[in-house]
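Chemist: The structure follows.
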Amino acid sequence: MQNSSGSGHRWSSLICLHRIRAAALAIPGGHEPRMGLVYQPVWSGTHAGITVISVFNPLRRTAPTPNGRLKSVLMRRPKLPTNHYRLPTSDPTRQNLLNSDSDTPRDGFNYWVFGFLRRFMSGNKIDGGSRTEAEEKVYSWLYALAQSDKDLVFEYVRSTERGLSFTEAERRLRENGPNVPLDYSFPSWWHLLWTAFFHPFNIILIVLSVLSYIASDNPNGCVMLVLVFISVSLRFYQEYSSSKAAMKLSELVRCPVKVQRCAGRVIQTELIVQVDQRDVVPGDIVIFEPGDLFPGDVRLLSSKHLVVSQSSLTGESMATEKTADIREDQSTPLLELKNICFMGTNVVSGSGTGLVVSTGSKTYMSTMFSAMGKKKPPDDFENGVRRISYVLIAVMLVVVTIIVIIDYYTCHDLSESLLFGMSVASALTPQMLPLIVNISLAKGGLSMARDRCIVKSITAIRDMGSMDILCIDKTGTLTMNRAIMVDHLDSGGLPKEKVLQFAFLNSYFKTDQKYPLDDAILAYVYTNGYRFQPSKWRKIDEIPFDFIRRRVSVIMETESHAEDINLQFIERFMVTKGALEEVMKVSSFIEHVDTGAITNLSPEDYQRILSMAEDISNKGLRTIGVATKRLKPVQQISDGSMANDETSESDMVFLGLITFFDPPKDTAKQALWRLAEKGVKAKVLTGDSLSLAIKVCQEVGIKTTHVVTGPELELLEQDSFHETVKRATVLARLTPTLKFRVVKSLQTVGKHVVGFLGDGVNDSLALDAANVGISVDSGVSVAKDFADIILLEKDLNVLVAGVEHGRITFGNTMKYIKMSAIANLGSILSLLLATLVLKYEPLTPRQLLTQTFLYSVGQIAIPWDKMEEDYVKTPKRWSKKGLPMFLLWNGPVCTLCDAATLMFLWIYYKAIGLTDMNFVRSAWFVEGLLMQTLIIHLIRTEKIPFIQEVASWPVLCSTVLISAIGIAIPLTPAGKVMGFVTLPLSYFGFMIVLFLGYFTIGQVVKRLYIFVYKRWL
């Protein structure tokens, strides 16, 4: 039997080694295990950046944990979240989320949390339904290590139980690069400037400006350059300010790590040295104590009461216990592996040693966050604007070419014809579009700032107007993020004051650390008038809370009086409260509900109490247990401390439970109702339990008919995943990666514009992926770094105002785009028609440029216009077919009015020949300018302009001012220089009739358009 067992063990080891070899070769930079590898370490005594802490006996095979704690300098950098639950490795539906190059060593750790600024780099489309190939490799690798013996782990990383030599560690550092998770190079100022400058309309204006200077039309060229300068400056200022603030936050604090290294050529000496985290390499043996941060993915070698916080990866505040003496299996979720610790997590209590198996970009955390900072695809608005620019360029080339040919045919002056063609091209270009867009966004940002919002990315304001789904992390957003005590129940589920009394005394006298639950108990007692007289009690000792026992005990005594014999004596109690299961573990007795008698805690009592606690939990409440133990006064050690926690906390009497609730905010229900009114659906994405999430959602009015948990989502096929995400309103127990996948699914498959509101480290992935990332001022720094908008208050009503500002911004931008497209295109077609009819230029280049300039200046007031109440009630998105159809319906109306003017001049004034050229140009100039100025009032509203709806006073003032200037120019000396003449009053009477007819026909066309397409702007 012994031989058989030994043979089986050898076969098991060989199989495990083969599995490690396969995983190693699958990992970029992985190595095949080498048996019997010997190093020749050399150490000269001093190395830069290395501090020798202690020296060990060279004959010892393993390095013990050093006595005495080294004060740890923690790295002040954001901790990023990542995936928790594991999909089956054989899932055939798994596809790439994105392509991540993890082969290249990374550098510059201080920039990795600011990947959100790399919007300018290319990225692949991600649908959120599957996991990446890089993640699969890391999963296979870590599972192989978790299932292997320690010796095989040493073989894989080519290390020894003594640690690496200094020479070998330096070689590996050069080979693998610095130990930084990811390198996201920060955009330089010139990169941001180039991005702000490189806009299709800016390029058009630059080209036209250059041509104007070539044609000696300096004023026109100067005006266009000024417009480009203002637009680019506004955009660059916003982006650079945000970048500068982010760069300031990215300053790195060096974090020392205790590492075991060996030195000596003949006799190797084991040393504990302190190196910077960036210099840790695979194969290093690290020693860690409470507060230390794991510098990479680590396979534990030894552990003593080790408790690790993985909140940076999971978002859960509860710590987890780790142990080295275990071999895991494939069924254990990755982040629940007991013998693997991950980069970015930290030690809460206990100590141990571990072998670093992955560093830098090859760690689990790096693969999880390789999705961060990738370029977001252009939204519908950006794509629409680019399509407009290309269409206008094509139309411009065709129309300008035709006009130049016709003009040259009539006047036979090539330079004059080319100058007129450039003037027409300038008039066709919506010169103010970049400026209007940026002013509208900047104005929206200022308005949101008054509502206590900080806008980091101005384009997010427009996306707020298009947002139709808001994903919310429950904690602190829907709830007050604080515990409120609800009830104090005995073992039978009935309120009992004795349970509250001892829970109160425990919270009152404990001094180790006050937790929110203690504050909730104290507040409940004080506000409800209980008088437990803590002054009559005296604290003797305390066994503080730790993450292994998950309970706290306080020993106290009080004087009691026996009335029958008139004798005073001292009673001493141990009062314990904590996690229900842990309190019941140390309880052997139970106090009966009806008689108050104390009997043994039977298995039936145990199951009944757990069932009661489960029912309470399903109602969204948290529970803790309370137990007591009567002590004799002699049960105290002379130094005032308990001899042994395990023996002291035993044979206790279970009293009952204390229940708590994190109540929803008073404003949450109203805010969600207002968002729903505006067409924004809310989905709750939380890492909390499903029962707690359902309870809170029911309180605030979110439907809970379709709910799902993270582990359930992990098991779904890709199509089922998307369908479930589409229907579910409450998604609980989500890991950071699942939140990311849910957001991407809603965007790519559901075609939604998604906002995500979160404030934790575990929300960073989703914040970066969402169209609008929203965090709060009290959130962790990394969440604020990846957010587009930061709320200075945790109030959803602020978001309602943000949605309104976004839709106003979108609406005003669309006003200008549609108005300028109609006016410019109609004006150019009219110029083409007039040139064919008149046989000469209806306007000289200077007159046309003056008209274009005045019209453009008048549109600057559009960002200060108001929107109708009905418009802001629904999400607004760019329609691909909307603008072309809008032009086809409304463009001919402008051309018709211009044709009517031409007919009036011909029939009434008989002005058709060359002798009447100045009169025709003066009349055409005034009519064209007034038409382009007044058209905004027809376009800006679905209602009847000036009757049912009046524009804001800045727009009205702009209209009156530009119209007055246009009418007055022919009367001024400047007008005489430009070739204008005085117009008769009868012509202005005609214009009144013309514009009444224009608004009438335009209103009829508007109603027909709305009837057919169900929208206007």
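Using the three backbone atoms N, Cα and C, a Cβ is placed for every residue, glycine included.
Okay, these came from TrEMBL:
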- 81-102: region 'Disordered' (REGION)
- 90-102: compositional bias 'Polar residues' (COMPBIAS)
- 144-217: domain 'Cation-transporting P-type ATPase N-terminal' (DOMAIN)
- 192-215: transmembrane segment (TRANSMEM)
- 388-406: transmembrane segment (TRANSMEM)
- 418-442: transmembrane segment (TRANSMEM)
- 816-836: transmembrane segment (TRANSMEM)
- 886-909: transmembrane segment (TRANSMEM)
- 951-971: transmembrane segment (TRANSMEM)
- 977-1001: transmembrane segment (TRANSMEM)
Chemist: Determine which recorded stretch among 388-406, 418-442, 816-836, 886-909, 951-971 has the most C-beta pairs below 8 angstroms with the transmembrane segment (977-1001).
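Modeler: Looking only at 388-406, 418-442, 816-836, 886-909, 951-971, the most contacts with the transmembrane segment (977-1001) come from 886-909.
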Chemist: Can you tell me which parts of the same chain pack against the transmembrane segment (418-442), counting only residues 6+ beyond its ends and a CB-CB cutoff under 8 A?
Modeler: 199, 201-202, 204-205, 208, 211-212, 215, 217, 220, 224, 227-228, 230-232, 234-235, 238, 385, 392, 395-396, 399-401, 403-404, 407, 458-459, 461-462, 809, 812-813, 816-817, 820-821, 824-825, 827-828, 831, 841, 843-846, 848-849, 851-852, 856, 859-860, 862-863
Chemist: Short question: which residues 6 or more past the ends of the transmembrane segment (816-836) have a Cβ under 8 Å from it?
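Modeler: Same-chain contacts beyond the flanks: 385, 388, 395, 399, 402-403, 406-407, 410, 424, 427-430, 432-433, 436, 842-843, 848, 855, 859, 862, 883, 886-887, 890-895, 898-899, 902, 924, 928, 931-932, 935-936, 939-940, 1017.
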Chemist: The transmembrane segment (951-971): which same-chain residues, six or more beyond its ends, come within Cβ distance under 8 Å?
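Modeler: Here the qualifying positions are 850-851, 854-855, 857-862, 864-866, 922, 925-926, 929-930, 933-934, 936-937, 940, 945, 978, 980-983, 988.
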Chemist: Please report, as numbers and ranges, the same-chain residues at least 6 past the borders of the transmembrane segment (886-909) whose CB is under 8 Å from any CB of it.
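Modeler: Contacts of the transmembrane segment (886-909) (Cβ under 8 Å, skipping residues fewer than 6 from its ends): 818, 821-823, 825-827, 829-830, 833-834, 837, 916, 919-920, 923-924, 927-928, 931, 935, 939, 986-987, 990, 994, 997-998, 1001-1002, 1005-1006, 1008-1009.
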Chemist: Within the domain 'Cation-transporting P-type ATPase N-terminal' (144-217), how many residues are helix, strand or coil going by DSSP?
Modeler: 46 helix, 2 strand, 26 coil
